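Per TrEMBL, the features are:
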- 1-22: signal peptide (SIGNAL)
- 69-149: domain 'Cadherin' (DOMAIN)
- 150-257: domain 'Cadherin' (DOMAIN)
- 258-370: domain 'Cadherin' (DOMAIN)
- 371-475: domain 'Cadherin' (DOMAIN)
- 475-585: domain 'Cadherin' (DOMAIN)
- 602-623: transmembrane segment (TRANSMEM)
Amino acid sequence: MNSSVLLCLMVMLVQLWPCSPSMQNPSAQNTVQSFTPVRRVKRGWLWEPLFATEEQISPDPVYIGQLKSDLDKQDGNLKYILTGEGAGSFFVIDEYNGKIYVTQKLDREKKPFYTLRAQAINRSTQLPVEPESEFIIKVRDVNDNAPQFLDGPYVATVPEMSPEGTSVTQVTATDADDPSYGNSARLLYSLVEGQPYFSVEPKTGVIRMASQMDRETKDQYLVIIQAKDMVGQPGAFSATATVTINLSDINDNPPEFQQRLYYMSVSEEAPVGTTVGKVFAEDRDIGDNAAMDYFIEADSSDVFNIITDDETQEGIIFLKKRVDYESKRRYSIQVKAVNRYIDERFLKEPFEDTTIVKINVEDADEPPVFTSENYVMEIFEGAMSGALVGVVTARDPDDDSSPVRYSIVHSTHLKGLFSINEHNGAIITTEPLDREIASWHNITVTATETRNPEKISEANVYIQVLDVNDNAPEFPKNYETFVCENAVYGQLIQNISAVDQDDSAEGHHFFFSLAQEDANSSHFTLKDNQDNTAGIFTGKSGFSRQEQFFFYLPILIQDNGTPPLTSTNTLTVTVCDCDTEVNTFYCRYGAFMYSLGLSTEALVAVLACILIFLVFFLALVTIRQQQQQKPPFSEKMEEFRENIVSYDDEGGGEEDTEAFDISALRTRTVMRTHKPRRKVASEIQSLYRQSLQVGPDSAIFRQFISEKLEEANTDPSVPPYDSLQTYAFEGTGSLAGSLSSLGSNTSDMDQSYDYLADWGPHFKQLAGMYASHRTVGD
């Protein structure tokens, strides 16, 4: 019989459930809450719901239900078989009647359901009489787990003075029991500690404000929340959690001065910016809510100012102006403290406070005070010594009014020009002043208390020297005036002007004229242009250099000062050898020659002598340089002569030159005419043999040396050498034999020079030369 049966076993109440598509998903069965025990028929299977208790502990298996086929005649011919999850361990079946038993304790939190298969077979034929059917045993929950707060401990923050009902935070507990069945997982929240300030919603765990609280009274609260399952019924499990609730600050408190009256003092010597004192207004709020600004009110004198120290929140009072004990000895100001940030919810209250500050000015011994910091005085130049320039005045501001003594701080350039009466401050001159040298003088005057010389004040005195017309006008420069010999009558030859060192309030105006002694002269005339300039014109046609080379015109220049001053200035006119146009260079040259009393011919003669002298001097220098330079050939001969050494015995070596007479080699010989280089190998051998028969003073020996030197010096293919050493004569009777290399071309072929390598580093180069020579020869 093709049928399927779902058996659902619930520990605590176990019920057999027929399989359906929804039963294939065990979670879908979590919505089942209760069952009615009725007998049902599902195709060939018969089942009935029975109940048992979860966590039930019994020494014997607990019956939970029965499977029965409608073909079972209760004759024991059918056999019931149970397979699947937990079969044989948690669950067993009576193979004769299909009753199912639980043998062990079940835990829904570990495994909420089991999937099994049931089958009925004929004992005789071992053939199934019912097809295998799958069913699920679902474990029904019991309240065996307590709630848990998994997110604790809890910390929350809420602004102070929040209205009642404001949400603070939410706590949530979890229960491992089945929330879909019964009340095992239905939680109820309650407040254990925290009344009357907070409340909690029983179902959601939301904590709310129960009243308004002030942070300044208490800023932290500990609240204990309890969660119970079974909706708080007797026997339910419970758990608690602690919630720390902090109250955050709001600006709900105004600043308050701790003192309603402050007393301070300041010395009258204190400079601007000096701190007078500090005030402090306390604000119970914290952070920015306690920030405040200070202001000064009711201070008409505007002597003091106040700033806020942002770190200490103190008001610092300082001097805005200097105070004077003699003028005002007491000040009373009102200081206000105002919150910097205002909460609009509390605008109905004034967030400010005021206090009174009384400030006493302390008397001090002050230095004298001048009536003015800067004095400006005037005096005419040229005033007699002792003339009064002006008076400075200073007084002691203190009540005792000490007498004052005046003095001048002299500088180097003003030393001796002015003096001051130390009693009355009168400044006088000590010598006449000249405006043209200095038009202003700056001096520093000090005033010192006679009773306390340490108290000194200074004042600047600026003295202007007024102008007096004491300087006559004059030419601004030395004029160079020329006139041609062929100049015509009325020709302009020079424009002149004038300068005056004096000042003129109306501006300078100069008057030009010829001096009386020259006014009647017919050579030149003067025309005043009425613009502080004048023109010089010729008074006749034609001038002669032979008759008169220079003309000197005395010109009178008068200024417009009071009284007017006149000066005589001489204008020099030079006659030039020209037609009408003046060549300035040529005229200057002619004037120069005339002043020397030389003619042109005499000047040419002088220049010629100078030229000859220069040529002679250059010739001497050239000859001197040539004498200092030696001929190259002579130099080398001298060098070679010093390096040619003749040996007639072994002696002490190459450096022993004292045992031999080399005067013959130092004798200057006349060099023969240069001859082309020729092959002289045979000649060298012949001369070498001849040298063995003669001494070093032989003419043949000297001739040979001279010829070889000449050929070496004149041969361009031979590289230069620093020194030349020729060993041509060894002398007779020497056991060492000859050291000359003149015959080496015939005797070196059969010689070995390998022993030179053993002579040490000094002969390394020589050994290399002979080794290479042997290699080439081989």
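Cβ atoms here come from the backbone N, Cα and C positions, even for glycine.
The DSSP breakdown of the domain 'Cadherin' (69-149), given as helix, strand and coil counts, is 0 helix, 38 strand, 43 coil. If you average pLDDT over the domain 'Cadherin' (150-257) in this model, you get 89. Mapped onto DSSP classes, the domain 'Cadherin' (258-370) shows 7 helix, 56 strand, 50 coil.
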